[in-house]
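*Asks:* Take this structure, written in structure tokens, and hold onto it; I'll ask about it next.
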Amino acid sequence: MTYRNPEALATVEWLAEHLDDPSVRVVDARFAIRPTAGRTLEAVAERDAYREAHIPGAVFVDVMGDLSDPDDPVVVVSPERFEDLMSRLGIGDGTTVVVYDGQGGTWAARLWWALRYYGHDAVMLLDGGFTCWLAAGLPVDSGVPDPSPATFTARVRPELRVDADQVAQAIGCDDVCIVDALPEVFFTGAARLYPNHRAGHIPTAHNVPAPSHVDPVTHRLLPASALARLWEPVGLEPSRRVITYCGGGVFGAYALFALHVMGHENAALYDASWMEWGADPSRPVETGPKAATHDRYQPTNPRRQ
């Protein structure tokens, strides 16, 4: 079994050969999850780590700060602001974008989705991310590039995004499947993702955690056969629409990326995700397991890079 859309992934070998290509823009989107004094976790953009070492020529994006609307932080930034951001990063209408992070793409996928939502399909995730780049002994840089401004034209593709009302209409609908891409502990309600939000998941949702798509050793996307097994309990069919969500549109975007690689295009992101749904007492919530739990993937060859 092979990927249906393998071109969505860039290998480190391919990127190394295209670092000097002026039509390619590399974007560092690394994030770290760190404990706080209040025994909670916070996501922090690794801007300092980027300044210390990154793939040569890469620009940096804070996928939560830069891509969130300052007037409504639970949703993606407006078309005008996105155009301005892309212009400053040197990403134009003819640019091929390669995004990476340190978690196998689970954070970088937020920019992958945003670019596609605004009509730019020439975007890839670096398979294995920065971890795989370092493991291959490839060069790094500490200089911060200053790219020339480019012209980026946002062309909204509304079919790639849904709001809370659309999700509510999909609950219990046979031709729509809702997928929660958060770790199981948050899906079941055993832990709260946000201290002031309710625990649990959207009723009828399946749990397909974003990190479970990534080989724990190499940080690369799982083989096609393993992805098929992971999604088997969901019952993917071309006519069945999939709505993914998570805490704030990051892991849900990675689930969409995996679906795209698998060839399932009838899918959309609930952008505001649990940040909105979990805070709204008028929206229903369930706790406990829904679908069969997934066994953690064990690589057949731990040295595969």
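Each residue, glycine too, has its Cβ placed from N, Cα and C.
Nobody curates TrEMBL annotations by hand; they come from automatic prediction.
The shown structure was predicted, so the numbers you read here are calculated from the model rather than taken from an experiment.
Pasting the feature list from TrEMBL:
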DOMAIN    20-142  domain 'Rhodanese'
DOMAIN    172-286  domain 'Rhodanese'
REGION    281-305  region 'Disordered'
*Asks:* Calculate the per-residue pLDDT averaged over the domain 'Rhodanese' (172-286) and state the result as an integer.
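*Replies:* Summarising the domain 'Rhodanese' (172-286) by its mean pLDDT gives 95.
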*Asks:* For the domain 'Rhodanese' (172-286), DSSP counts of helix, strand and coil?
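*Replies:* Summed by class, the stretch gives 36 helix, 20 strand, 59 coil.
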*Asks:* Using DSSP, break the domain 'Rhodanese' (20-142) down into helix, strand and coil residues and give each count.
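*Replies:* The counts are 32 helix, 35 strand, 56 coil.
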